[in-house]
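Worksheet: the structure to be examined is printed underneath.
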């Protein structure tokens, strides 16, 4: 959420930042609503002040036995009692309109973010490792997995398209990957493990920016009785399935003031995530690349404004370390202004090399690390008490540390062997009971 005072102070800068994101200027429209809101608030406050003053004057007039003046003042107060609710309603309506308009506008990019329209304008930052050479043609994970327990047919019977059932060695391998990531972040990177609810309220979704703009991309759960309830009750009492643990973790500080000594607050969770993928029709229809349900390790940091940029670099390094220890080839890119997420000021994507994708392999996103400034904090009313005693908005950051399903794909395709088996990376073998190869079982 944007601060209308900042827009008022620098409308040209606000519009210029929106233009960098490919959006039209909004300051004139927002400031017109703000002017109407401020005028309505002033009129309401003046009416209240006049009513209070007139009420006092009535007592003075009666004391002075000035019946005519007392009568006139009483008539004035009666009129104010009639008009004040209308003035208060006008102020509330303008306030809600401004909040609604502000809530639909994305965060502003930092100055160092590269300008661009889409993913083709993203900038490569660095690369780790190199592509492996194979004595055979690498196969995609869905072909490898067909003999190892990757079952899309059963999943379709259970839930429809974009779901998968993993069995035997593959189920164990995915569990091992997630546990390895969680252990790394909690024992070496200083993150506190959280096991959050998977169902959250509307205001929680609003806090991190999923609502109102991306309502169609969410899965919603409702009690049976609400299916026959009026539409308004259905929307207010529903619960959303988290599209990422970022939603739950970040909102742990909503409507609160934490002490500066508690920051930075670093949180992590390994959870299922649920996405409707409303805009992904026809994309990545094969395999596990794009699923309605998937597992992810999420990293969230709550910081002061002065430390958020350094924390962003630290978070990226933590996510990268996962892939380094798995010895997976990857690259880091800085997203351009036209490809950033709604709540982000700046985003790094980590793309892992998948040798079985496309014609000869492809880089695919496995992690996205973003710094959001105070954008989410304003939506959540999340603040910290600084050393001077004044409450200020925190800065929030989030990143995948990493997507477990896509890490499984990368391991399967990178460590595939000619006989169709998968060599288990060294770092995962302790989580697999010492198993070194996942192979088809007789």
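Every residue gets a Cβ built from N, Cα and C, even glycine.
Since we're looking at a predicted model, the values are computed, not measured.
Going by Swiss-Prot, these are the annotated features:
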BINDING   244, 245, 246, 298, 400  L-serine binding site
BINDING   275, 276, 277, 365, 366, 367, 368  ATP binding site
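Note: the Cα of residue 244 (L-serine binding site) and the Cα of residue 368 (ATP binding site) are spaced 12 Å from each other.
Binding residues for L-serine (244, 245, 246, 298, 400) extend across at most 9 Å, taking the greatest CA-CA distance. Inclusion criterion for the binding-site residues 245, 246, 400: a C-alpha placed within 10 angstroms of the C-alpha of residue 368 (ATP binding site); this criterion is met by 400. With respect to their backbone Cα atoms, residue 246 (L-serine binding site) and residue 276 (ATP binding site) stand 17 Å from each other. Residues 247, 249, 269, 271, 273, 296, 297, 299, 300, 398, 399 surround the recorded L-serine site, their Cβ atoms falling within 8 Å of the Cβ centroid of 244, 245, 246, 298, 400, which are themselves excluded. Summarising the environment of residue 245 (L-serine binding site), the number of other Cβ atoms within 10 Å of its Cβ, over all protein chains shown, is 26.
Sequence-distant contacts (6 or more apart, same chain, Cβ under 8 Å) of residue 400 (L-serine binding site) comprise 244, 296, 297, 298, 299, 319, 350, 366, 367, 368, 369.
The binding-site residues listed here are 244, 367, 368; among them, 367 has the most other Cβ atoms within 10 Å of its own Cβ.
In this structure, the binding-site residues 276, 366 were compared by how many other Cβ atoms lie within 10 Å of their Cβ, and the smallest count belongs to 276. On its own chain, residue 275 (ATP binding site) has 217, 218, 219, 243, 292, 294 as residues at least 6 apart in sequence with a Cβ closer than 8 Å to its own Cβ.
Between the C-alpha atoms of residue 365 (ATP binding site) and residue 245 (L-serine binding site), the distance comes to 18 Å. The two recorded residues, residue 277 (ATP binding site) and residue 245 (L-serine binding site), show a Cα separation of 17 Å.
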